[in-house]
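I have placed the structure first, in the form of structure tokens, so that the comments after it can refer back to it.
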Amino acid sequence: MSNLKVVFMGTPEFAVPSLKKLVESGYEVPLVVTQPDKPAGRGKKLTPPPVKVTAQEFGIPVYQPEKLKENEELKGLLEEVSPDLIVVAAYGKILPKWLLELPRFGVINVHASLLPKYRGASPIQSAILNGETETGITIMKVTERLDAGDIISQERVPINPEDNAQTLHDKLSKVGALLLVKTIPLYVSGEIKPVPQNEEEATYCTQIKKEMGRIDWRRSSQEIFNMVRAFTPWPSAFTEFKGKRIKITKAIPISGRGEPGEVVRADKELIVATGEGALRIERLKPEGRREISGEEFVRGYRVSVGDKFGD
């Protein structure tokens, strides 16, 4: 099987293990398609996507189109390399019909959820946000409809209470890479028959926006706990305290009562009441400062019982 010619399309860190596994498994990868370099960091320096960096380490030619739809150059490149299969992992753009029809075995995608649940752009964060205790990887056929193609294979992955979006992302990207190389030979040989998704069970998740990280202290401590995990490292769950924006990076839901957002304990522990229960804040990051513990915050910001978060 490893003499298959596979074009890889992916962009962020999530896609890197899949590209590495394809190359290490002996597949011929004649071309990698990824998003254009983007300004990043404080200096807004033009930064290549992680997949481009990895492809260059392997000496694979990279193409970074602004658009796919009527792209004759990309069409020409793909016709020239004539791939048997195109593999997509978090590429970040909808693929046009001509591209889906080009390879002999079509286009398959590594998606970070157990489809048909969590179709869309934020399956990892959304699963944590909704308090799921498991998620997984789906290898699926790509069609013109978003994440709606037939399922080729799936693998379940538990979500632990201490998982955040970063740790779960890292687990899923590794599982995805292994499942991908396990699935390809079975798929192209016809041993696996792709199964249509159950449309009635489909759920969707949107792109995460910065403002979604704002904490509403009227929610339950469990919901806010899930939010802190889902939005670490980005955009972070945040709140205001004495006019300053504070990011909360680690917290534990506990029982307790008080006005939502009210500090109910401020000594070695920082405990804030919520709409239901309370939240012990373990780690937080004041705007423009380093991350500190709840105890350090209490001392440094002179926090007292009765002070309010979220004002």
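Cβ atoms are placed via backbone N, Cα and C, with glycine included.
Feature annotations, courtesy of TrEMBL:
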type	residues	note
BINDING	S113, L114, L115, P116	(6S)-5,6,7,8-tetrahydrofolate binding site
DOMAIN	5-183	domain 'Formyl transferase N-terminal'
DOMAIN	207-302	domain 'Formyl transferase C-terminal'
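Mapped onto DSSP helix, strand and coil, the domain 'Formyl transferase C-terminal' (207-302) counts 21 helix, 39 strand, 36 coil.
The 10 Å shell around the Cβ of L114 ((6S)-5,6,7,8-tetrahydrofolate binding site) contains 21 further Cβ atoms across the protein chains shown. Excluding S113, L114, L115, P116, which define the (6S)-5,6,7,8-tetrahydrofolate site, the same chain contributes H111, K117, Y118, R119, P123, G136, T138, D147, I151, Q154, Q197 within 8 Å (Cβ to the Cβ centroid), listed in sequence order. Sparsest Cβ environment among the binding-site residues S113, L115, P116 (other Cβ atoms counted within 10 Å): P116. The domain 'Formyl transferase C-terminal' (207-302) scores a mean pLDDT of 97 in the predicted structure.
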